[in-house]
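A single structure is presented below for examination.
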Amino acid sequence: MQLNPSEISDLIKSRIQNLQLAATSRNEGTVVSVTDGITRIHGLTDVMQGEMLEFPGNTFGLALNLERDSVGAVVLGEYEHITEGDTVKATGRILEVPVGPELIGRVVNALGQPIDGKGPINAKLTDKIEKVAPGVIARQSVSQPVQTGLKSVDSMVPIGRGQRELIIGDRQTGKTAVAVDAIINQKGQNMFCVYVAIGQKASTIANVVRKLEENGAMEYTIVVAATASESAAMQYLSAYAGCTMGEYFRDRGQDALIVYDDLTKQAWAYRQVSLLLRRPPGREAYPGDVFYLHSRLLERAARVNADYVEKFTNGEVKGKTGSLTALPVIETQAGDVSAFVPTNVISITDGQIFLETDLFNAGIRPAINAGISVSRVGGAAQTKVVKKLSGGIRTDLAQYRELAAFAQFASDLDDATRKQLERGRRVTELMKQPQYAPLSVAEMAITLYAVNNGYFDDVEVARVLAFESGLQQFVKAKAPELVAKITDTKELDADGEKTLVAAIAEFKKSWA
């Protein structure tokens, strides 16, 4: 085929006319100083707060301090190769992380990059890590339960979908154990889980992931890990990244549970970043906005109404509410709940589960202090059967603790007091539960009914847990239809009660 010169010139002209050249104008600055992962940059005049900055060597940073003649930024990742005089580009984008079902079963870092060696994550969507919490009109009251499978939690401090329930206690009191048990118990409950590990040892996180895998919980769980060896900036951002991943499910009419383990270390990381950015320190050297640090994170956990979900999904999902339930963890120093960060988070959340060192060391695990642990909104969401049967448990325990303190000094006790002490000892023993062994609603109902009606009163304290285990196995074998009915309806009617009483009486005869 031969082309004449005029055709060639026409072809070239048409190619030139159709050439798509997208010219982008990006602001550039110069690195003035680099210290401990914090850079000062001169010349970025129109950068936004929280904007991503591009450093040489495919490294990114986050603009946090906007000053008159310079910008203070944290480097996300390695910063050893960055030197004074390097060019920094503004990207015009706020920090985003991948979201969606593709992340389920994976372990990622604070930027959503996989760190579990299972290959890349092909997520179709990304979302901003900093988002405004749903407004008052978009919310719906908490009315559906989150079953943790722990007798002491579900009976005394129930948690509802969309609630923020703080887990607080000293180190080594079983805070992570309560949170991990709650995740394991969500199997088959249509609940997606996000576990955010902040500032923990890599070996500890690996152990949690292994336990979740062994119990089949990684099938619905995302793990976001910012280990102790990572930069303070990554530890500070990881909680927001995890929250964004959880919000993906909430906004599409599904339910999600997020555990922040723990927010004390996140506050420490933020304090470190703030001091390096030369922000003025306040109480305990924290910056002035440390309350806002946690409030803007925890307010994003909410139950949103069907209108919000329908609007968000452009009518694809109708008649469904979505929820994000948060279980933040706070570590106290020598039981001091009046320190700065614990009081802040207590005031933000809808209740707290307080774990005590003394109870833990006495072998009462989970070591929940019934007196000062509360759930402000969970009562409305509690399963009907558990709510009906657990009314006396909290009172029994609280009165027992008070009487036990007096009984140490009193030599002669009247029968009523002695009976109350005996009941209290058995209830305390009954609230013990091994790790990774959550109970179903039916199993919990059997136990609570038996203790409320005095069936444990003549059982030796040392044999209470054996009696409970035997009773549950017996009822499940003798009355499987009752167990199935309680599981389905979450209620115990008069007929069910008769069947249960007969089964317990029969078991007590055979118990020796």
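Even glycines carry a Cβ here, placed using N, Cα and C.
So Swiss-Prot lists the following for this protein:
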BINDING   Gly169, Asp170, Arg171, Gln172, Thr173, Gly174, Lys175, Thr176  ATP binding site
SITE      Ser373  site 'Required for activity'
Helix, strand or coil for Lys175 (ATP binding site)? Use DSSP.
helix
In sequence order, which same-chain residues at least six apart have a C-beta under 8 angstroms from Gln172 (ATP binding site)?
Thr357, Phe360
Determine the most Cβ-crowded residue among the binding-site residues Arg171, Lys175, using a 10 Å radius around each Cβ and all protein chains in the structure.
Lys175
Could you check which of the binding-site residues Gly169, Arg171, Thr173, Lys175, Thr176 is the closest Cα neighbour of Ser373 (site 'Required for activity')?
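Among Gly169, Arg171, Thr173, Lys175, Thr176, Gly169.
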Which residues does Thr176 (ATP binding site) neighbour through Cβ under 8 Å, counting only same-chain ones at least six apart?
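Expected: Val208, Asp261, Val329.
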Are there residues of the same chain, six or more positions away from Thr173 (ATP binding site), whose CB falls under 8 angstroms from its CB, and which are they?
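Residues satisfying the criterion: Leu355, Glu356, Thr357, Phe360, Ala367.
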Give me the long-range Cβ neighbours of Asp170 (ATP binding site): same chain, 6+ apart, Cβ under 8 Å, in sequence order.
Glu331, Thr332, Gln333, Ala334, Gly335, Leu355, Thr357
Just counting, how many other CB atoms are there within 10 A of the CB of Ser373 (site 'Required for activity')?
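Cβ-Cβ neighbours of Ser373 (site 'Required for activity') within 10 Å number 22.
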Take the Cβ of Gly174 (ATP binding site) and count every other Cβ within 10 Å, whichever protein chain it belongs to.
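Its Cβ shell of radius 10 Å holds 19 other Cβ atoms.
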So for Gly169 (ATP binding site), how many other CB atoms are inside 10 Å of its CB?
27
